[in-house]
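Undergrad: Mind looking over this structure? Questions follow.
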Amino acid sequence: MVLQGCDASVLLQGNGTERSDPGNRSLGGFQVIDSAKRMLEIFCPGIVSCADVVALAGRDAVAITGGPQLQIPTGRRDGRASAAANVRPNIIDTTFTMNEMINIFTAKGLSLEDLVVLSGAHTIGSAHCSAFSDRFQEDSKGKLTPIDASLDGNYANELMQKCPVGASDSVTVFNDPKTSSSFDNQYYRNLAAHKGLFQSDSVLLDDKRTRNLVEDLANDQEKFFQSWSQSFLKLTSIGVKTGEEGEIRQSCSMTLVGEEL
């Protein structure tokens, strides 16, 4: 979720930046953004912002993995501020209730439908064991047992085998165990089968406000792709800096003033 807007503030390095917050420790691909920016600075210096690179990279990652192709506007400028203190109040935690997620999305001008559709990004990627550990508890014998009745029993057993007590922090699990590298509607099919990895996934099926949309998207991939294109466009347009706001960085990890934040 964007904080101050789609301004590449998460790319800035340094103590106390958004990127340094533990909530962003699973982020990756920074080297891809840096490589693209270096190439752009050779051919068209000072023209393409890091914010545009991030937005376009997100769009293209979806298309490359089989998702919809779409056009998004460019012309964003990069933010100069990045504070870790802004992260937690503005991102969705995997333990959030429906109301907590709605509050954050509403504050960004996003709808309940956007919440369900953008959650479909979990059709690709992976998560650390700690991201769903709240769905289990350790018994007196040092074994994990499920405490979330909404989770399919067989799937719960698979997760406990992959993430037993004492599992390394480096262990990860695919968000979507069936088609982990394909952008498709399998995420919603997983939810319908009570196999959502996170609590924040499962509540989308459990809550009557979103259940019908989850079922519709599970049965209609084209509807998901069309809805994704609309919601992603809205996401990449939140709080965009233009005109004299912000800057266009030469390096995505550092502001033009030369201070590594």
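Just so you know, glycine gets a Cβ as well, placed from its N, Cα and C.
Keep in mind that TrEMBL annotations are predicted by a computer and have not been checked by a curator.
TrEMBL lists 1-256 with the feature domain 'Plant heme peroxidase family profile'. According to TrEMBL, the Ca(2+) 1 binding site annotation covers GLY5, ASP7, SER9, GLU18. As annotated by TrEMBL, disulfide bond applies to CYS50-CYS252, CYS129-CYS163. Taken from TrEMBL, the feature heme b binding site applies to HIS122. Marked as Ca(2+) 2 binding site by TrEMBL: THR123, ASP176, THR179, ASP184.
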Undergrad: Looking at the binding-site residues GLY5, GLU18, ASP184, which ones sit with their CA no more than 10 Å from the CA of CYS252 (disulfide bond)?
TA: none
Undergrad: Going by C-alpha distance, which of the recorded positions CYS50, THR123, ASP176, ASP184 is nearest to GLU18 (Ca(2+) 1 binding site)?
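TA: Comparing Cα positions, the candidate nearest GLU18 (Ca(2+) 1 binding site) turns out to be CYS50.
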Undergrad: Between ASP184 (Ca(2+) 2 binding site) and the residue listed as 'heme b binding site', find the distance joining the two CA atoms and give it rounded to the nearest Å.
TA: 10
Undergrad: Using C-alpha atoms, which one of the binding-site residues GLY5, ASP7, HIS122, THR123, THR179 comes nearest to CYS129 (disulfide bond)?
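TA: Checked the binding-site residues GLY5, ASP7, HIS122, THR123, THR179; minimum Cα distance to CYS129 (disulfide bond) goes to HIS122.
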Undergrad: Which residue, out of the binding-site residues SER9, THR123, THR179, shows the minimum number of other Cβ atoms inside 10 Å of its Cβ in this structure?
TA: THR179
Undergrad: Please determine which of the binding-site residues listed here (ASP7, ASP184) has the lowest count of neighbouring CB atoms within 10 Å.
TA: ASP184
Undergrad: List the recorded positions among CYS50, HIS122, THR123, ASP176 whose C-alpha is within 10 Å of the C-alpha of ASP7 (Ca(2+) 1 binding site), in sequence order, or say none.
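TA: Within 10 Å Cα-Cα: CYS50.
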Undergrad: Cα-Cα, whole number of Å: ASP176 (Ca(2+) 2 binding site) versus the residue listed as 'heme b binding site'?
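TA: The separation of the Cα atoms works out to 7 Å.
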